[in-house]
Amino acid sequence: MPNRGAHFSISRRKDFLMDFSERVFCGHLTPDHTGRRVLLAGWVDAFRDHGGLLFIHLRDRNGIIQIVFSPEAASADVYRQAASLRAEYCVAVQGEVRKRLPGTENPHIETGDIEVFVSELTVLSESEALPFAISDKAMVAGASSAGADHVNEDLRMQYRYLDIRRPAMQKNLILRHRISQCVREFLDSRGFVEVETPVLTMSTPEGARDYLVPSRIHPRSFYALPQSPQLFKQLLMIGGMERYFQLARCFRDEDLRPNRQPEFTQLDIEASFIDEEFLYELIEELTVRMFAIGGIALSRPFPRMTYAEAMDTTGSDRPDLRFGLRMADVTGVFSRTSYSIFKQILQRGGSIKGINIKGQSEKLSKNVLQNEYAKEIAPSFGAKGMTWMRAEEGKLESNIVQFFSADELEALKRVFQVEDGDVLIMVADPSCAIVNSALGQLRLHLGNRLGLIPEGVFYPVWITEFPLFEPTDEGGVTSSHHPFTAPDRTDFDPGNIEELLSLRSRAYDLVVNGEELGGGSIRINDREVQRRIFAALGLTEEDVKNKFGFFLRAFDFAAPPHGGLALGMDRVVSMILQTPSIREVIAFPKNRSAACPLTGAPSEVKREQLAELGLLNLGDKDVLPGDAEKEDRIDHLSWVSRIGIAEGERPVMESILAQAEELAAQVGDLAGNEEPVRSVAPVANRVREGLEAVRLSFSGTGRLLKNAPAVKGDYFKVAGILD
């Protein structure tokens with residue numbers, strides 16, 4: 001077996017003594033270096049043998065340079081060793097920088113006008129065959145290149161250290177570093193002090209589940225990893241720090257989505273003796289500077305929109321304002337309608353809203369509107385139906401236009417400013433929330449389908465005046481943001497639900513292109529107001545004392561007026577780099593299942609560790625964590641794939657799994673330095689040959705929902721993690 005460690009004898013030249021202090025970065029070479037001898041070190045990115053000349057792309061963090069091995073510059077020994085190099089070998093070379101011959105320049109790399117003719121070579125470390133391609137640069141103009149863009153993401157994360165070698169990933173991490181430096185420098189210039197807050201803290205209700213850490217010293221007691229530094233940053237204001245910030249690590253045990261991770265970084269900011277305008281100005285200036293690092297120019301001031309306006313016109317409190325398709329309320333148009341569906345909805349206190357899709361009648365045919373949108377797409381967004389009309393020759397036409405009066409049709413044309421070629425869609429429902437939600441999702445769906453959302457455009461907006469409380473199913477209220485947000489007025493009755501739901505908060509969210517980048521609020525600094533907020537939430541004095549006693553005690557010592565905001569840095573960087581997921585801007589992220597394919601976390605622990613932490617016999621269950629019997633693998637396969645496997649199919653599935661294990665073992669034995677071979681197997685059903693897929697009726701959902709991870713009513717409930 002070849003030695004995989006670093007070795008230096010392969011150069012067979014005693015005069016090549018490496019002094020890495022003299023090293024030049026590959027990407028820093030320019031035509032000004034022509035004629036100079038340089039020492040380079042990095043990884044073999046790509047290899048090309050031209051029979052007598054060997055061309056290699058050498059890559060380090062700063063870029064790629066082409067190095068050349070020729071009989072004229074290199075000895076026979078060096079040339080022979082160079083011929084044995086493979087992808088991702090780590091090497092050091094010394095040679096002369098030369099300009100490339102006319103016509104051989106490579107526009108794919110920044111150093112494409114020059115190359116280095118190598119005279120000395122040392123292999124620092126060898127690499128096994130790669131699980132996926134790392135190189136993403138073509139060696140010659142016009143050639144294609146293969147990267148890791150289409151590699152299974154879990155495979156990339158299993159070998160994340162290799163994935164990080166890719167220039168695209170390194171660029172992401174370097175730009176993230178520069179954005180973090182920008183944050184620190186800017187906030188320091190504005191008098192903010194960076195302070196670290198505890199990671200092991202107390203569990204407090206903040207909207208998501210806590211990650212709990214057992215204490216060995218205090219058996220059966222637990223720390224909680226912070227969902228945010230909310231209470232500590234307010235305590236810093238009471239402590240007189242006045243202006244605080246932190247790039248804080250936060251942890252939330254919640255369902256994953258493309259822009260969520262169980263652990264994430266947020267820019268946490270808090271300041272005393274300020275108001276909303278101070279924070280608007282501060283965050284706008286910082287946001288402009290951060291986006292400028294990615295070459296994106298934002299104009300100031302950012303527009304502002306109340307929560308009510310955002311919901312009324314876009315159906316979302318995270319509005320994407322890069323395109324039109326604003327919603328309009330036409331409830332009044334149909335106040336005396338004879339159309340029975342609308343009439344019944346209005347009699348139940350409902351509402352009717354619509355959107356004018358300007359000039360899109362050719363793309364939205366009657367068939368598309370009726371059979372796709374009215375029957376399938378709108379119901380999938382929660383609407384019970386959708387009404388549509390097309391404007392042609394000065395008239396509105398649809399399959400139900402005959403049910404509306406001439407006055408109603410004329411009123412619609414006025415409200416929506418209808419012109420020929422326009423398409424109207426309307427949603428009606430007894431619930432205004434359903435109307436807003438369904439029509440808002442239709443707005444986004446149509447914007448994407450019709451290509452109305454411009455690329456490379458960034459539209460920031462402040463959303464303000466959120467409701468302070470939201471109703472609960474039990475008839476009470478819960479905080480829209482968190483219970484420390486200041487209300488717009490303090491003379492409220494904590495027992496009057498109707499009054500509580502009318503309160504507005506002094507909260508604000510920063511939204512860009514339909515995505516919330518952060519949010520905050522002016523905080524409560526009066527102990528009595530804070531107590532009444534807790535009372536409105538149904539917390540007893542005992543609850544408050546147990547959960548927030550230490551916090552409220554601080555209010556007895558003169559808390560200053562204060563407020564703050566937190567920005568999700570993973571989201572900010574992802575948006576600036578325009579990546580499909582925040583996982584692309586995190587060095588070692590968790591996957592869609594909140595697991596780490598690289599380390600295998602989370603993992604079981606030994607019974608002895610559980611005993612040391614006092615976690616044995618906490619409940620009455622016989623099976624303990626880390627002590628469970630192995631789960632039947634067919635049942636497990638059935639559950640994770642959401643495919644029902646009949647008892648008669650189990651032997652076939654066992655055979656397939658056994659064959660897969662045997663093949664994996666054979667492949668493992670063959671692993672070596674060979675280049676990987678890829679092939680795509682044809683789609684085939686080995687277990688249920690000859691069976692055709694059939695559409696099941698929803699009248700009986702037992703079979704349909706057999707393997708659902710969770711069921712609510714007749715619905716298959718899954719985590720919102722699909723990209």
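In case you wondered, yes, glycine gets a Cβ from its N, Cα and C as well.
What Swiss-Prot records for this protein:
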type    : residues                                             : note
SITE    : H50                                                  : site 'Important for tRNA non-discrimination'
SITE    : G103                                                 : site 'Important for tRNA non-discrimination'
BINDING : E206, R252, H481, R523                               : L-aspartate binding site
REGION  : 230-233                                              : region 'Aspartate'
BINDING : R252, D253, E254, Q261, E516, G568, M569, D570, R571 : ATP binding site
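Burial estimate for the recorded positions (H50, R252, H481, R523): highest at R523, by number of other CB atoms within 10 Å. Residues R252, D253, E254, Q261, E516, G568, M569, D570, R571 are recorded as binding ATP; their most distant pair of Cα atoms lies 19 Å apart. In three-state terms derived from DSSP, R523 (L-aspartate binding site) belongs to an extended strand segment. Note on proximity: of the recorded positions H50, G103, H481, R523, the one nearest E254 (ATP binding site) is H481, by Cα distance. Counted with DSSP, the region 'Aspartate' (230-233) comes out as 4 helix, 0 strand, 0 coil. The secondary structure of R571 (ATP binding site), as reduced to three states from DSSP, is helical. Taking only the Cα positions, the spacing between M569 (ATP binding site) and G103 (site 'Important for tRNA non-discrimination') is 44 angstrom. In this structure, the CA atom of R523 (L-aspartate binding site) is 65 Å away from the CA atom of G103 (site 'Important for tRNA non-discrimination'). Confidence annotation: the region 'Aspartate' (230-233) carries a mean pLDDT of 95 in the model. On the backbone, the CA of H50 (site 'Important for tRNA non-discrimination') and the CA of H481 (L-aspartate binding site) stand 65 Å apart. Spacing of H481 (L-aspartate binding site) relative to E516 (ATP binding site) is 13 Å (Cα to Cα, whole number). Around the Cβ of R571 (ATP binding site), the number of neighbouring Cβ atoms within 10 Å comes to 21. Annotation note: E516 (ATP binding site) sits in a strand segment as assigned by DSSP.
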